[in-house]
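J.: This is the structure I have questions about; it appears just below.
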Amino acid sequence: MPVPAVRPLIAGNWKMNGLKAAASEFDAMLEGAKKVSSGIDLLVCPPATLIAAFADRLAAAHEHGAMPVAIGAQDCHTNASGAHTGDISAEMLADAGARAIIVGHSERRADHGETDAIVRTKAQAVWRAGLVAIVCVGETQGERNAGHTLDVVAGQLAGSLPDGATAVNLVVAYEPVWAIGTGMTPTAADVEEVHGFIRQTLTQRFNAEGERMRLLYGGSVKPSNASELMAVPNVNGALVGGASLKAADFLAIAAGCP
Ligand code: 13P
């Protein structure tokens, strides 16, 4: 069966990094994005405190020509509003200018005890707000060593993805926990195995939509390894942490996208 063309997405997850002064780095990304292939989408997910300011800068840049860039967020609450001190809803993030929200990142699963069921409810909250959910899955080092990678990923996909996912409202990011921030990456063959398995799982459950959903690889992506990782079958882009903080690195990763 021919594999449908999937438009690549390079997403930057800034995690808990960035003060107002980082706007200059974002401006450099906007400037550089004009030279990035028109076939690629870029997404910058700064901390929530910077979303509105970045969205304003993006809107200003748009006035001088369409930009292949959007702003995203890193997490949201499951409810739209209410007595949840310190939390932020998907609707608020949409209002601030976010177009996508990462949910179920392994750091949130580990630091905040987020279960698959919570992640699934958060993905539904993202859709309720009209945004794209980027759902993260991935095994720990111990799980990989024990040969459980595909079982773990299968369980996370089954538990974290709500019914109703489409190629437009869902992006899946495979982020092996042991590759995040460590400089270690799986081999291209290992990435191919897991992404092929994810594609098969999504296609079984979501039919034709599953064939077109974007599958991102994340974990120590940098300019020097991006083109090899992005060339792997069923890898439709990257979720980049540390290297997304610098415009030059982020744009170089995008340039490595086939
Ligand atoms: P690094 O690129 O810093 O390894 O982080 C990956 C990640 O967790 C992106 O969500």
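Each residue, glycine too, has its Cβ placed from N, Cα and C.
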J.: Which of SER160, SER220, SER224, SER227 does TrEMBL put in the same substrate site as ASN13, TRP14, LYS15, GLY181, GLY241, GLY242?
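T.: So, going by the record in TrEMBL, that would be SER220.
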J.: Of LYS15, HIS105, GLY181, GLY242, which recorded positions come within 10 Å of GLU175 (active site, proton acceptor), going by C-alpha to C-alpha distance?
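T.: Candidates kept after distance check: HIS105.
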J.: For ligand 1, list the binding-site residues among TRP14, LYS15, GLY181, SER220 whose CB atom is within a distance below 6 Å of it, in sequence order.
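T.: What lies within reach of ligand 1, judged by Cβ under 6 Å, is GLY181, SER220.
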J.: Given SER220 (substrate binding site) and HIS105 (active site, electrophile), what distance in Å do their CA atoms have, once rounded to a whole number?
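T.: With distance taken Cα to Cα, HIS105 (active site, electrophile) is 15 Å from SER220 (substrate binding site).
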